[in-house]
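J.: My structure is below; once you've seen it, I'll send some questions.
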Amino acid sequence: MNNAPVIHCEKLSKTYVEGKLRVPVLHEVEFSVAPGERIAIVGASGAGKSTFLQLLGGLDKPSNGKIWVNGNDINQLSEREKGLLRNQHLGFVYQFHHLLPEFNALENVCIPLLVRGGIKPKHARQKASAYLEKVGLSHRQKHRVGELSGGEKQRVALARALVTEPCCVLADEPTGNLDQKTAEQVADLTLQLNRSLNISFVIVTHNREFADKMDRVLLLDKGQLQSESERNH
């Protein structure tokens with residue numbers, strides 16, 4: 001069994017520069033994600049949590065340091081290669097679902113598979129349907145985005161993130177726009193899928209109950225990640 005980290009970074013730093021103004025956000029962060037591990041990133045608003053996720057996903061460039069995703073040094077990749085790496089190895093879930101309103105749930109989940117290529121549309125639909133079933137929405141596959149509730153939209157977004165079978169899902173406040181009951185349901189579903197699919201999750205959240213169910217809770221403060229809690233499962 002391969003126990004190599006699915007994401008690993010060394011001395012990761014990020015400073016935003018505007019003219020003479022320098023805003024340090026991250027300073028020499030060391031971080032690794034094991035296969036199947038679930039990690040919560042917590043911290044005050046503006047601490048740099050979303051920036052950290054963007055760096056891990058190759059959506060922003062670090063000022064210093066290195067990041068490996070499934071063994072690939074993303075600093076050495078072109079933008080096109082980063083896009084291919086994201087499609088193959090990473091899934092993304094955001095506070096806002098970012099579903100395309102002109103398509104139904106099934107079509108939205110199909111999109112990452114069709115972008116990747118090498119799969120017939122029929123088989124992409126079959127796989128997308130299977131993942132909608134995993135998130136409890138097999139009965140809503142043909143419904144357009146506007147016909148879905150907030151919780152259902154986020155479930156579709158979760159299925160879309162998982163359908164390519166990534167090594168890790170990066171989630172930024174995935175329950176932030178939901179009421180408490182729906183947030184609990186989406187959080188529990190996320191944990192269930194983490195266990196059943198053995199896909200790692202790195203989740204930025206202000207939801208303390210959700211964070212406390214993770215394997216590790218890391219606090220981002222003053223540019224550094226500090227361990228708050230760790231569990232042995």
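Backbone N, Cα and C atoms are what each Cβ position is placed from, and that goes for glycine too.
Pulled these from Swiss-Prot:
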- Gly43, Ala44, Ser45, Gly46, Ala47, Gly48, Lys49, Ser50: ATP binding site (BINDING)
- 7-233: domain 'ABC transporter' (DOMAIN)
J.: Where does Lys49 (ATP binding site) sit by DSSP, helix, strand or coil?
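T.: In three-state terms, Lys49 (ATP binding site) counts as helix.
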J.: Ser45, Ser50: which of these binding-site residues has the highest Cβ count within 10 Å of its own Cβ?
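T.: Of the binding-site residues Ser45, Ser50, the most buried by Cβ count within 10 Å is Ser50.
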J.: Please work out the number of neighbouring Cβ atoms within 10 Å of the Cβ of Ala44 (ATP binding site), leaving out its own Cβ.
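T.: Taking every protein chain into account, the count is 11.
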J.: Enter the number of other CB atoms within 10 angstroms of the CB of Gly46 (ATP binding site).
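T.: The answer is 9 other Cβ atoms.
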J.: Here are the binding-site residues: Gly43, Gly48. Which has the lowest count of other Cβ atoms within 10 Å?
T.: Gly43
J.: If you draw a 10 Å sphere on the Cβ of Lys49 (ATP binding site), how many other Cβ atoms land inside?
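T.: That number is 24.
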J.: Using the recorded ATP site (Gly43, Ala44, Ser45, Gly46, Ala47, Gly48, Lys49, Ser50) as reference, state which further residues of the same chain have their Cβ within 8 Å of the centre of those residues' Cβ atoms, listed in sequence order.
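T.: Same chain, not in Gly43, Ala44, Ser45, Gly46, Ala47, Gly48, Lys49, Ser50, Cβ within 8 Å: Leu220.
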J.: Count the other Cβ atoms sitting within 10 Å of the Cβ of Ala47 (ATP binding site), across every protein chain shown.
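T.: Result for Ala47 (ATP binding site): 20 neighbouring Cβ atoms inside 10 Å.
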